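Here's the structure, in structure tokens; my notes come after.
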Amino acid sequence: SDIGSQKDRVVSEEEWLKKWETSNIGFHKERGHPLLQKYLDLLLNGRSGLRIFFPLCGKAVEMKWLADMGHSVVGVEISEQALKEFFAEHSLSYCEEPVPEISGGKKLQSTSGNISLYCCSIYDLSSSVVGKFDGVWDRGALVAVNPCDRQRYGSLMITLMEKNSSYLLVTVSYDPNKHKGPPFYVPESEIRSLFG
Ligand code: SAH
């Protein structure tokens, strides 16, 4: 029932945009996530030059880390402000182009070409637009997806994965009676049913 109370809760796109406008972005980690460093080998599995996907990317600094290691990074984020802040904060120049398959969608690509960030909803993407990925860094993504969209999100992510890809997923274990977020509780049983 505790999880049930979250089931119908929704964070709208407008609310996310507002968070960026008001700098209400406590989720952003300026120093990057320690768990990516810890499990990097699991993600890479000895491979180089991977295509790595960042769903609901915000301005995650890990995108810069992985690009600097020689991988090619693709992110998706509804807030254009977040993406512009990413490029500005890393002093990266970029160019902007419309995405013909996505109405209103834009792609912001670093001039060096190894970081491509789509400004649109993740649900607008498909493998015919972005291709498939060798690795996924999912932090603040599945847990930010509205519970009613989880199944759709999980199915989409599976279609975006290459055969031998690795998916690092960060979730948070807590008592949903005591804490409201971040922003949704995803029980392990549900992760198994989505990706199992
Ligand atoms: N992964 C990032 C950001 C986590 S917060 C990090 O680790 O810092 C979740 C982000 O998802 C917010 O920036 C929000 O604007 C974005 N978002 C929410 N719904 C989205 C959607 N449907 N498609 C793309 N981005 C979305």
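Don't overthink the numbers, they just go from 1 along the chain as shown.
Just so it is clear, glycine is given a Cβ too, placed from its N, Cα and C backbone atoms.
Heads up, TrEMBL stuff is auto-annotated, nobody curated it.
Annotation source TrEMBL lists S-adenosyl-L-methionine binding site at 16-27, LEU56, GLU77, 121-122, ARG139.
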Ordered by sequence, the long-range same-chain Cβ contacts of ILE25 (S-adenosyl-L-methionine binding site) under 8 Å (at least 6 apart) are LYS19, GLY58
When a 10 Å sphere is centred on the Cβ of LEU56 (S-adenosyl-L-methionine binding site), how many other Cβ atoms does it contain? 23
How many other Cβ atoms are found within 10 Å of the Cβ atom of THR22 (S-adenosyl-L-methionine binding site), counting all protein chains shown? 8
One finds that other Cβ atoms within 10 Å of the Cβ of LYS19 (S-adenosyl-L-methionine binding site) number exactly 17
Suppose we screen the binding-site residues LYS19, THR22, ILE25 by Cβ distance to ligand 1 with a cut-off under 6 Å; which survive, in sequence order? none
DSSP-derived structure type at ILE122 (S-adenosyl-L-methionine binding site), helix or strand or else coil: helix
